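Presented below is the structure to which this report refers.
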Number of protein chains: 2
Amino acid sequence: MNTWFKISENSDFTIYNIPFGIFSTPTLEKRVGIAIGESVLDLTIAFELGLFRSLNISKTVFESNFLNDFISLGKSVTNKVRTIIQEELCTNNSVLKTSKEAFIHQNEVEMHLPVKIGDYTDFYSSIEHATNVGMMFRDPENALLPNWKHIPVGYHGRASSIMVSGKNIYRPKGQVLKPNETSPVFQPSARVDFELEMGFIIGKQTEVGDSVSIEKAEEYIFGKVLFNDWSARDIQKWEYVPLGPFLAKNFASSMSPWVVTMEALEPFRVSGPVQNPKVLTHLEYSGLKNFDINLEVLIAPNEKDETVVSKSNFKYMYWNMSQQLAHHTSNGCNLNVGDLMASGTISGKNKDSYGSMLELSWGGKNTVKLNNGENRKFIEDYDTVIMRGYCEKDEIRVGFGEVRAQILPSK
Amino acid sequence: MNTWFKISENSDFTIYNIPFGIFSTPTLEKRVGIAIGESVLDLTIAFELGLFRSLNISKTVFESNFLNDFISLGKSVTNKVRTIIQEELCTNNSVLKTSKEAFIHQNEVEMHLPVKIGDYTDFYSSIEHATNVGMMFRDPENALLPNWKHIPVGYHGRASSIMVSGKNIYRPKGQVLKPNETSPVFQPSARVDFELEMGFIIGKQTEVGDSVSIEKAEEYIFGKVLFNDWSARDIQKWEYVPLGPFLAKNFASSMSPWVVTMEALEPFRVSGPVQNPKVLTHLEYSGLKNFDINLEVLIAPNEKDETVVSKSNFKYMYWNMSQQLAHHTSNGCNLNVGDLMASGTISGKNKDSYGSMLELSWGGKNTVKLNNGENRKFIEDYDTVIMRGYCEKDEIRVGFGEVRAQILPSK
């Protein structure tokens, strides 16, 4: 595709991408936009210019605080909105080309949480991450629990504290059991950590009692975001048996503002790891269900001197999104548009591809060196953690932008 | 208080109660009502009659699908609405007395989920229940885990599948590991269970990073409901280590339609169990924070022949609601109006006061006899489970009505 819109070579937001998000400016209330190059295209203006006349949709889906109403139109409509924009951006006599209001520089907008999240589920689907954690906390010889290769293990997280990239995070306080003690103390967490994850957003509702087959699972996925599942390892260690992580996780999660559609990711399908033992029938899949998405994590103390501390890839996931969604609904649990399902920490095989400080510092035994000469075992106050992700193949690039947040001292 | 409204002696919905809910009729869309005797008082009509003129509120908070907007007015307003209704029902020349539209018999209304639940948290705060489960699944000598007496253990549940009383439940399917096997099978759960719980509804928002002190915790609680946290024990056993229950719980939960306010429960405060060891400062409380609420569970096969299978009481709770809420926000996790926090299974000391079939049948070893001659270890298809609850003291009775649901075969 050749567009008349000026897009720099390394942009995440190419003509092949067209991700959706919610933005505002000092003069415009929250509304739906797409990212293109360094700009945001205001879809309310695109609507007013008549671009979506053939679709029989209401302007109100674009003048909204969240993408939920837009997503609820269904893929048959939202895909057409995306391809119409692509076509207009490649048509020399497009009305967009002469519209002064349609494009706003990304520096001039504020981005917001793209969806109203009903329920948030976090999986634990990287075999490298689960193995690393099992080796540290349980038995190095039997790092994976017996159920791990049979079910994409997951749990429910807190939706209220999921924030858009750029919102800062207060260091959580909590109960911690110090070594050789039997009673806990209450203090600011000394082991705040990131988890490099990706999330997918549910695009289609189901009813209670219904299950989604693995063949149809992708029909229920609108698109993907970068996700930082902030964790407090010392709080987690004391609280998580037997009902799982709670206050160690629910103080904050950060997500990127642009939702990249499944259609934009189509060229980047790859095969996943061999699953042995064979999974049960309802989790068996065919075709390419993993995606080659380059990921990296950076730490910037005081927002300066970014250091890459991890380079990973979404293609490493043992359990793919279709399996996660089929599992989630296999018991009849219902889904709503805007629900979020996150991957769990995405670690690779090599030590420089681990997706958390827990793994990079191996439980605090090692240090991670930063470019400014400092060392880190976990995340310190005023550190900014940045995650970036992009796909690249045959000169087509589709990126996610970034999710970033700075850790502030406890309130 | 003496009311002119005719209320039978054993009614849950006395003049002292005045609980809020959402109802509809074939001719009226969803709206806010209060339960009084065998009737529902339509608060939209009460508004139109001018009863709330002094409060400067909008009629739209009553013409709503959920109580959230009403609750968001704050206790200073919602308490006044409640006391105004009480006064009118005790005033002989009240306009309500001559309004033909204001009261509708409860047989003629459909009740709906009272709140739009943002996040749902389930605690595990009955020491009797936690001990029973620990004895069955872990070590009878060390039934309670080391953290149990230091933190009100809790986890996040699924909000989407919480349904109002009367909605039937499909038996969940899921992975189960059979005895002496190493690989699971996928089948309908053979161990569907109820959990006798109560839930409280958040009435006041907090911001990310803020904590609510234990002294102020009750200001954030609007009211309480009965709650059945349906569970599939065989699915739970296979999936729950290490991240907690997931598909074993998220197929369905049932709640009672009438929210009983904290103010209505005021007369029924009692002291809680002694907490030894002493809890950390942020969880230390003074005063009476437990509530004497009689609870019972009944099973009715094919909706006939109710058998009481458990009689318990909310006063047994080791951790009280103020401690749960202070703990939940101690890390800065934010709350929204309409969030639900449930108690966990409410078991008493005696075998006939256990709050789940898991405990009543001691993991399926014993049977529970029903009035129709049948036995149960767990819940069978077409069984209806009913939970009821009420407070009584000095001839004042305040009740919760019931939560009921029938189990249907898997879809």
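Note that Cβ sites are derived from N, Cα and C of the backbone, with glycine treated the same way.
Copied from TrEMBL, the annotated features are:
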type	residues	note
DOMAIN	A:17-114	domain 'Fumarylacetoacetase N-terminal'
DOMAIN	A:121-404	domain 'Fumarylacetoacetase-like C-terminal'
BINDING	A:Asp122, A:Glu195, A:Glu197, A:Asp229	Ca(2+) binding site
BINDING	A:Tyr124, A:Arg138, A:Gln236, A:Tyr240, A:Thr345	substrate binding site
ACT_SITE	A:His129	active site, proton acceptor
BINDING	A:Asp229, A:Lys249, A:Ser253	Mg(2+) binding site
Going by C-beta under 8 A and a gap of 6 or more residues, the same-chain neighbours of A:Asp229 (Ca(2+) binding site) are A:Asp122, A:Gly157, A:Phe194, A:Glu195, A:Glu197, A:Lys249, A:Ser253, A:Ala342, A:Gly344, A:Thr345
A:Gln236 (substrate binding site) in three-state DSSP notation
helix
Largest inter-residue Cα distance among A:Tyr124, A:Arg138, A:Gln236, A:Tyr240, A:Thr345 [record-listed substrate binders, Å]:
18
Chain B proximity: which binding-site residues among A:Tyr124, A:Gln236, A:Tyr240, A:Lys249, A:Thr345 have CB distances under 8 Å? Answer 'none' if there are none.
A:Tyr124, A:Tyr240
What residues, ordered by sequence, lie under 8 A Cβ-to-Cβ from the residue listed as 'active site, proton acceptor' and sit at least six positions away in the same chain?
A:Gly344, A:Thr345, A:Ile346, A:Ser347, A:Tyr354, A:Gly355, A:Ser356, A:Glu359
Within the domain 'Fumarylacetoacetase N-terminal' (A:17-114), residues counted as helix, strand or coil by DSSP:
39 helix, 21 strand, 38 coil
Averaged across the domain 'Fumarylacetoacetase N-terminal' (A:17-114), what pLDDT does the model get? Just tell me the whole number, please.
98
Please list, in sequence order, the residues in the chain of A:Tyr240 (substrate binding site) that are at least six apart in sequence and whose C-beta is under 8 Å away from its C-beta.
A:Phe246, A:Ala248
Sequence gap of 6 or more, C-beta under 8 Å: which same-chain residues meet both conditions with respect to A:Gln236 (substrate binding site)?
A:Pro245, A:Ala248, A:Lys249
Among the binding-site residues A:Arg138, A:Lys249, whose Cβ has the fewest other Cβ atoms within 10 Å?
A:Arg138
Which has the fewest other Cβ atoms within 10 Å: A:Asp122, A:Tyr124, A:Glu195, A:Glu197, the binding-site residues listed?
A:Tyr124
Where the residue listed as 'active site, proton acceptor' sits in the secondary structure, as DSSP reduces it to three classes:
helix
